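Visitor: Okay, so TrEMBL annotates it like this:
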- 44-122: domain 'Potassium channel' (DOMAIN)
- 6-23: transmembrane segment (TRANSMEM)
- 35-58: transmembrane segment (TRANSMEM)
- 78-98: transmembrane segment (TRANSMEM)
- 105-123: transmembrane segment (TRANSMEM)
């Protein structure tokens, strides 16, 4: 039964993708590759910056614990901190790692940046799009 549901879901996604490409509605929208690349690299650099911050703070104390009944500290590797930073800034929040101590404050700041920066970039893209429409009249 699950195989059928997975197949139907994949077919649904493919039909929607096909309709999107055939309809060419994406060509009617405004897309700024410059803004996209800026947002991508800013988020990437912030992710690495916070991962480094967590890594250096981790020298003094445990910053991340595993979210289970044991609450064991996470191994202090850069890859673990990079994973946590990426999950935090993208607002995914799987819940497998929990910040403790000073990491809670920095995780809150990082999550806020992950929410506010794309919003600011999209607002900029929309204002640029409406400016271009006004000049067309």
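Note that Cβ sites are derived from N, Cα and C of the backbone, with glycine treated the same way.
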Visitor: Write out how many residues of the domain 'Potassium channel' (44-122) are helix, how many strand and how many coil, based on DSSP.
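Guide: The domain 'Potassium channel' (44-122) comes out at 47 helix, 7 strand, 25 coil.
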Visitor: Looking at 6-23, 78-98, 105-123, which one has the highest count of Cβ pairs under 8 angstroms to the transmembrane segment (35-58)?
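Guide: The listed stretch sharing the most Cβ pairs with the transmembrane segment (35-58) is 78-98.
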Visitor: What residues in the same chain, six or more past the boundaries of the transmembrane segment (78-98), come closer than 8 Å to it by Cβ-Cβ distance?
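Guide: Long-range Cβ neighbours of the transmembrane segment (78-98): 43, 46-48, 50-52, 54-55, 58, 63-67, 71, 107, 110-111, 113-115.
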